[in-house]
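Database features, via TrEMBL:
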- 5-115: domain 'Acyl-CoA dehydrogenase/oxidase N-terminal' (DOMAIN)
- 120-218: domain 'Acyl-CoA oxidase/dehydrogenase middle' (DOMAIN)
- 231-364: domain 'Acyl-CoA dehydrogenase/oxidase C-terminal' (DOMAIN)
Ligand SMILES: Cc1cc2nc3c(=O)[nH]c(=O)nc-3n(C[C@H](O)[C@H](O)[C@H](O)COP(=O)(O)OP(=O)(O)OC[C@H]3O[C@@H](n4cnc5c(N)ncnc54)[C@H](O)[C@@H]3O)c2cc1C
């Protein structure tokens, strides 16, 4: 499939040029080694793409979410995996929106240059899962420090980050009026935390996505690392979700185009029964179907971006974009694998790798059911179920 041109063509070309210097073989090797695409992330950082959303006054490029989403899309569209570094693009949003001037001056320029990586965000816990307001990790203020105890799970990119945004309860649940109150956000300096109150255990998983269990045993965090006001952390986390969801939708769109390209190409070349398999409508139609679904999802992704960049409410659109794009990319993945027959399972075709990678997005960072729930309650006004 030839790329259609759009208003972002120059940006697409520039990102694609960089990505093309990291061919499929590179990503295959990183996947086989369960490694980290260090060279790729370095190149992307040096070129400034991960600092797209950081305002120019802090050394970033001050682009909108639309442009940032094009960057993420292109990485996945050229066969890469932005999951290795997407946190660096959006985790700083919490600091940007709610940090003090001092914190912003201290951290944002270094995050923009890549001197500091803020790739990790610690929210999910093993015993509470999606029910975030029940988190059990606590931070208790003692003089000029907070002392943290508890546990997190599925916290990504810790080994490749300098900083982590951490959500912990600072007022016990039974002492707050609303369950969403009493949680706070901290910036954790990982190098000084690991082995000194924080233990990290990697979780081997289906994708080459570096993610971990974290154990906190009297981890001390300087009080000045609290972001914003104590007790408002849950609201701050929610404020960042629209950007995160929309960027991940764009990654799924990139995956979807990659699968469709790959499937269409193979269907034209593979000869069985003396003709290209793509001559059979049984092979053509599923590819056409997933292309139609993907194009529709892409419209919702751009609608979410447009609203976000115009500072309009976009919770529903960001959630729906993530839902539609994750669904479309997963359908395209299935079609692509099916089109390749047995060869879809061979690592050298990259289909099985991308198939695993794109599957994640129906579970993380928010599962499909929770998006249904959001739309049912917040858009359609149905009664709360939890
Ligand atoms: C590879 C990977 C990387 C991740 N990275 C991070 C990270 O960096 N930081 C972080 O904080 N988290 C991270 N996560 C966690 C991720 O956000 C959660 O896995 C996800 O939000 C789902 O939560 P859970 O796994 O606890 O599922 P659960 O909450 O246990 O839910 C299990 C299933 O039940 C469904 N379900 C639960 N309650 C309801 C209900 N009331 N109605 C209908 N259905 C329901 C869910 O939709 C889901 O399908 C990561 C996860 C993975 C797999």
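Cβ coordinates come from backbone N, Cα and C, glycine included.
For the domain 'Acyl-CoA dehydrogenase/oxidase N-terminal' (5-115), the model gives a mean pLDDT of 97. According to DSSP, the secondary structure content of the domain 'Acyl-CoA dehydrogenase/oxidase C-terminal' (231-364) in residues is 114 helix, 5 strand, 15 coil.
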